[in-house]
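Feature annotations, courtesy of Swiss-Prot:
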TOPO_DOM  29-187  topological domain 'Lumenal'
DOMAIN    32-183  domain 'MRH'
DISULFID  CYS34-CYS80  disulfide bond
CARBOHYD  ASN59  N-linked glycosylation site
CARBOHYD  ASN85  N-linked glycosylation site
CARBOHYD  ASN96  N-linked glycosylation site
CARBOHYD  ASN109  N-linked glycosylation site
CARBOHYD  ASN115  N-linked glycosylation site
DISULFID  CYS134-CYS169  disulfide bond
DISULFID  CYS147-CYS181  disulfide bond
TOPO_DOM  214-279  topological domain 'Cytoplasmic'
MOD_RES   SER269  phosphoserine
Amino acid sequence: MMSPLHSSWRTGLLLLLLFSVAVRESWQTEEKTCDLVGEKGKESEKELALLKRLTPLFNKSFESTVGQSPDMYSYVFRVCREAGNHSSGAGLVQINKSNGKETVVGRFNETQIFNGSNWIMLIYKGGDEYDNHCGREQRRAVVMISCNRHTLADNFNPVSEERGKVQDCFYLFEMDSSLACSPEISHLSVGSILLVTLASLVAVYIIGGFLYQRLVVGAKGMEQFPHLAFWQDLGNLVADGCDFVCRSKPRNVPAAYRGVGDDQLGEESEERDDHLLPM
């Protein structure tokens, strides 16, 4: 007959085994993400901010095919996610279309990232080693993400492969994304600033004058409007000013003729009409 102590020991061991399996499964199902180059916990704040900026692209996959058979290759790229089929941390892979061979160009567990005003450079290191080039160093992928405010992410294309050097070889890719754009800063023009200032002054004048007329002077009705008499006569003042500026001759222009007074008329002789009378 099995002792209670032995049975309890077996139960505890079984529970520990089940717990270990559960932890391992959770680790396997947890999706990996970018690991910046450098000591853990001492990553650059700027690099971490840039990776967070690219978060909307984490669930997207980008593919581009180049060449012609039998030298046709397909490149698959993902941001901080597995792009290959072997869970090797590959962020960018090259697939030979003729035989299906997959080559890891760069892994996201060795990531570098930096940016400029309208671009972001994402670098994956730690790819598969070259066979006969670049001193057999590991491959490296450089993805240039340029600003395009009209798309979240598009136009992923390989540009070139630099492998004519002894070291520091790389694959260069490009793509467009609005995430690489700097925030738009709206600037007010000089005219807009003047209009805002003028509107503010007018509002202060009307409100302040209204309160003064009502509370201090004790005005009622239309008389509460500041300088009411001036504004009522403004039309006449403008008309007078326009007349003064625009008229082309003086107001009191001397007449081109003068009237003749009665004293200047001589007495006409009536004799010159006598012959017209009937005889």
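Each position is counted from 1, following the chain as shown.
The backbone N, Cα and C atoms fix where each Cβ goes, and this holds for glycine too.
Keep in mind that this is a model prediction, so the values were computed, not measured.
Location within the structure of each feature annotated in Swiss-Prot.
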| residue | record | CB count, 10 Å |
| --- | --- | --- |
| CYS34 | disulfide bond | 24 |
| ASN59 | N-linked glycosylation site | 10 |
| CYS80 | disulfide bond | 21 |
| ASN85 | N-linked glycosylation site | 12 |
| ASN96 | N-linked glycosylation site | 15 |
| ASN109 | N-linked glycosylation site | 19 |
| ASN115 | N-linked glycosylation site | 17 |
| CYS134 | disulfide bond | 20 |
| CYS169 | disulfide bond | 18 |
| CYS181 | disulfide bond | 16 |
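Taking Cα separation as the measure, ASN109 (N-linked glycosylation site) is nearest to CYS80 of the recorded positions CYS80, ASN85, ASN115, CYS169.
You'll find the Cα of CYS134 (disulfide bond) roughly 20 Å from the Cα of ASN96 (N-linked glycosylation site). Each residue contributes its Cα atom, and for ASN85 (N-linked glycosylation site) and ASN96 (N-linked glycosylation site) these two points are 14 Å apart. For the pair CYS34 (disulfide bond) and CYS147 (disulfide bond), the C-alpha distance works out to 22 angstrom. Here the C-alpha separation of CYS80 (disulfide bond) and ASN115 (N-linked glycosylation site) works out to 17 Å. Rounded to the nearest whole angstrom, the C-alpha distance between ASN115 (N-linked glycosylation site) and CYS181 (disulfide bond) is 10. Distances between the Cα of CYS169 (disulfide bond) and those of the recorded positions ASN59, ASN96, CYS147, CYS181 are shortest for ASN96.
Neighbour count (other Cβ atoms within 10 Å of the Cβ, all protein chains): 16 for CYS147 (disulfide bond). ASN59 (N-linked glycosylation site) and ASN96 (N-linked glycosylation site) are 24 Å apart (CA-CA, integer value).
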